Amino acid sequence: MEFKLKHKDGMARVCEITTAHSTFLTPVFMPVGTVGAVKSLDANDMKNELDAKIILANTYHMYLRPTSKVVKDFGGLHGFTKFDRSFLTDSGGFQAFSLSKNSKHFNEGIEFKSHIDGSRHLFTPKSVLDTQYDFHSDIMMILDDLVALPATKERVKISVDRTILWAKEAITYHKSMQNKGIGIGQNIFGIIQGGTDYEERKRCALSLNEMPFDGLAIGGLSVGEENALMYETVQNLNPYLDENRPRYLMGVGTPEDLVENVERGVDMFDCVMPTRNARNGTFFTSFGKFNIKKAEFINDHEAIGPACSCYTCRNFSRGYLNHLFKAKELTFFRLASLHNLHYYLELAREMREAILNNSFTQFKKNFYHLRGK
């Protein structure tokens, strides 16, 4: 992976990242394709309608079904999905933690029950990389020990100890596999844990900074803490993060979260929010969000965002979308998802432009002004 820090405006950064499959600028939002597809959309939508340069797929879900061996047989995720740009795959640790009621965390890894058939499985630092080697993802995430917040200081310390232990095991294993010709062209990111504990976050960040990861992620946030505490945690981490590696805030978030964390030096984001909210009838616009099911939209001839250039806004009215949603027409999911993802990707583009023009502070003021804040 090639990484170039192009420009800074305060802590906000524009960086250029090149993988084996695409080059993209940050800040970047990565649409989430949990099971190898962004819900209701296909590779053509992602490339030609949205021009997404990188998307995320989920190791936990695709390990269980269809299995990594099936994906490998199709030539990895790129051959399987026909999306020929970059893929980032998470380690599956979050899903093992959140979807399995009886998951158990040991120093060896995470034991969990499949949410599909109840079968038992063990994720280890090595096994999750083996799975991602089969996926041939461009960016692989290591296994980390996630804790729900609030958590005791003792549990947070255990989480950081395990995450550092697993990071050492993962980076050593990855280098040994590359020496065998496996994982060539695949990049590996470490994950910083520590809850909202300043000293534990610092300890984890400093430890992972010493390891030759291609990038660093901030995990374990947006899991129950207040937004202000998340922003404070990210800002406090900034001095301890290598400036010459990408910074990825996992699973975040709202448009406001993106703006606030870009201001604090974050480069990469992913979240299911734009597509999940789309399926529930909620649209994101520059003026805030609204739900299309309201009666006021029945005879509304305007587009969702009058100035929006997405496929949905170029072609269809709020009145039509109100009808599709109430009729439970499946077409609605695609049209709504296209709009919301376009909004998120356009927000990232606008932030890049503002940073390059040294006007991010003014951009942020305008962002909140349009929302009446």
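Quick reminder: no glycine exception, Cβ is built from N, Cα and C everywhere.
Taking the Cβ of Asp90 (active site, proton acceptor) as reference, residues of its chain lying under 8 Å away and at least six apart in sequence are, in sequence order, Leu56, Asn58, Thr59, Tyr60, Met141, Met250. Residues or ranges marked as active site, proton acceptor in Swiss-Prot (evidence: sequence analysis): Asp90.
On the 0 to 100 pLDDT scale, the region 'RNA binding' (251-257) averages 97 in the predicted structure. Annotation source Swiss-Prot lists region 'RNA binding' at 251-257 (among others), citing sequence analysis.
With a 10 A radius on its CB, Asp270 (active site, nucleophile) counts 22 other CB atoms from all the protein chains. The active site, nucleophile annotation in Swiss-Prot covers Asp270, and the record cites sequence analysis as its basis.
According to Swiss-Prot, the region 'RNA binding' annotation covers 275-279 (among others).
The secondary structure of His339 (Zn(2+) binding site), as reduced to three states from DSSP, is helical. In sequence order, Ala278, Phe283, Phe284, Ile304, Gly305, Cys308, Cys310, Thr312, Cys313 constitute the residues six or more apart from His339 (Zn(2+) binding site) in its chain with CB-CB distances below 8 Å. The annotation Zn(2+) binding site is assigned in Swiss-Prot to Cys308, Cys310, Cys313, His339.
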DSSP state at Asp270 (active site, nucleophile), helix/strand/coil: strand
Same-chain residue ranges lying at least 6 outside the region 'RNA binding' (251-257) that approach it to Cβ under 8 Å: 94, 219, 221-223, 227, 230, 269-271, 273, 284, 343-344, 347, 367
DSSP state at Cys308 (Zn(2+) binding site), helix/strand/coil: coil
Composition by DSSP (helix, strand, coil) of residues within the region 'RNA binding' (275-279): 5 helix, 0 strand, 0 coil
Site of maximum Cβ density within 10 Å, from binding-site residues Cys310, Cys313: Cys313
